[in-house]
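Taken straight from TrEMBL:
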type	residues	note
ACT_SITE	LYS11	active site
ACT_SITE	ASP136	active site
BINDING	PRO94, VAL95, ALA96, GLY97, GLY98, MET99, GLY100, GLY101, GLY102, SER103, SER104	ATP binding site
DOMAIN	66-141	domain 'GHMP kinase N-terminal'
DOMAIN	207-271	domain 'GHMP kinase C-terminal'
Amino acid sequence: MKQVTLTSPSKVNLFLEVLGRRDDGYHEICSIVVLTELSDTITLERRTSGITISTRDLRVPLGPDNLCYRAADLLLRHSGVHGGVSIRIEKQIPVAGGMGGGSSNAAATLWGLNLLYDLGWPREELIGLGSVLGSDVPLFFCREAAFIRGRGERVEELTALTPRWLVIANPGIEIPTASVYRRLRLPLTTDKTGVIMHGLIASGQEEAALSHCFNRLEGVVLEAYPVVANLKQRLLLLGAGPVLVSGSGPTVFGVMREAEMARQVASSLVESGIAAVACRTLDKNPLFLLAGR
């Protein structure tokens with residue numbers, strides 16, 4: 001195999017609780033994540049040596065600051081492969097948007113290189129490498145949805161919800177994740193609600209599960225960035241619900257009852273100058289559709 005093209009999906013957090021700061025500097029979290037159709041495309045091509053990145057999105061770094069570059073470097077060194085890779089990234093997921101685009105791209109790069117160089121590594125090996133790269137990378141190796149704990153490295157497979165229509169909207173700003181966590185003032189919290197939501201999803205009580213949607217980081221984001229607060233309010237007024245900031249923002253998503261309504265709401269936002277798209281949640285990670293895995 002000389003080239004492989006992969007679909008790299010985005011994620012939204014249906015639930016995100018921050019339980020405290022860990023001794024290693026990370027935060028202990030409890031989260032429930034689903035994947036969405038809003039995806040990037042990653043194309044990997046074998047080369048004799050070195051790693052190159054290409055993309056039309058000027059916001060994406062092309063060197064070692066790029067998570068795909070770091071993923072490729074880590075895997076090639078870890079495997080001892082004598083070769084390199086050219087990586088082309090076609091972006092649709094908002095950069096620094098709270099939807100895990102960079103982490104998803106890194107997971108796709110690890111997965112693709114495993115195929116490209118016929119390494120035959122099990123998924124657990126790739127998850128281990130992914131956890132070195134970032135807290136969100138392991139979740140993108142889940143087949144469906146994910147229940148996440150620890151700093152993000154403890155990932156439990158969760159049965160996906162029936163595909164739901166979403167409107168995903170981005171106000172056109174970037175919010176560094178670290179800055180949101182720095183502003184966070186934590187009350188005494190537990191993972192109780194997350195565990196309840198997990199149980200409801202597992203037992204097929206989807207509507208009840210959606211009533212527990214929550215994001216601990218949202219309050220910080222809405223207070224610091226009025227443009228995000230206004231966007232959330234607008235989605236609520238347009239009939240979406242629940243509506244949440246995804247991760248550390250600034251992307252906001254709203255669950256819609258019908259496809260046509262989702263498209264109309266997204267179109268209304270686009271006409272007013274806001275980047276928005278109607279799409280569905282996924283019931284299977286597209287990485288597992290590749291090569292029948």
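Even glycines carry a Cβ here, placed using N, Cα and C.
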**OP:** Write out how many residues of the domain 'GHMP kinase N-terminal' (66-141) are helix, how many strand and how many coil, based on DSSP.
**Re:** 44 helix, 7 strand, 25 coil
Subject >> Cβ-Cβ distance under 8 Å to LYS11 (active site), same chain, at least six residues away >> reply: VAL33, VAL34, LEU35, THR36, MET99, GLY100, SER104, ASP136, LEU139, PHE140, SER246, GLY247
Subject >> Per-residue Cβ crowding (10 Å cut-off), top of binding-site residues PRO94, GLY98, GLY100, GLY102 >> reply: GLY98
Subject >> Tally of DSSP helical, extended and coil residues in the domain 'GHMP kinase C-terminal' (207-271) >> reply: 36 helix, 10 strand, 19 coil
Original post:
In the same chain, outside PRO94, VAL95, ALA96, GLY97, GLY98, MET99, GLY100, GLY101, GLY102, SER103, SER104, whose C-beta lies within 8 angstroms of the Cβ mean position for the ATP site?
Top reply: SER10, ILE93, GLY247, THR251
**OP:** Reduce the DSSP letter at LYS11 (active site) to three states and note it down.
**Re:** strand
Original post:
10 Å Cβ neighbour count around SER104 (ATP binding site)?
Top reply: 28
Subject >> Fewest-neighbour residue among recorded positions, criterion Cβ within 10 Å, set ALA96, ASP136 >> reply: ALA96
